[in-house]
Amino acid sequence: MKTLFVFAVGIMLSMRASAFTCPECRPELCGDPGYCEYGTTKDACDCCPVCFQGPGGYCGGPEDVFGICADGFACVPLVGERDSQDPEIVGTCVKIP
């Protein structure tokens, strides 16, 4: 999991250097997200289905590339991240009291 996160952060940093653009949507190329405990939404390009994130799931990043929290959860910036109002911040989903 840590390796995946480090890889994802690398992708995010490279995306910052260039504008985020989506390829043409080809639903037949989308993978099945499998069982999604908190339901599904569309990916950052509004093409493929992805799972909403629950407690402890990664969220945020440019165009929410790391995920979107399910209803009742908020994306809280990871320790060490800068301005929490920056839409490119990576965080984890935390239940809203």
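Heads up, residue numbers simply count up from 1 along the chain you see.
Each residue, glycine too, has its Cβ placed from N, Cα and C.
The disulfide bond recorded by Swiss-Prot for Cys59 joins it to Cys75 [selected from Cys36, Cys45, Cys47, Cys75]. Swiss-Prot names the disulfide partner of Cys25 among Cys47, Cys48, Cys51 as Cys47. Of the listed residues (Thr21, Thr92), Swiss-Prot tags Thr21 with O-linked glycosylation site; the rest carry no such note in the record, though that does not show they lack it. Annotation in Swiss-Prot places Cys30 in a disulphide bond whose other cysteine, of Cys22, Cys45, Cys48, Cys51, is Cys48. In this structure the alpha carbons, written CA, of Cys51 (disulfide bond) and Cys75 (disulfide bond) are 15 Å apart. In this structure, the CA atom of Cys59 (disulfide bond) is 6 Å away from the CA atom of Cys69 (disulfide bond).
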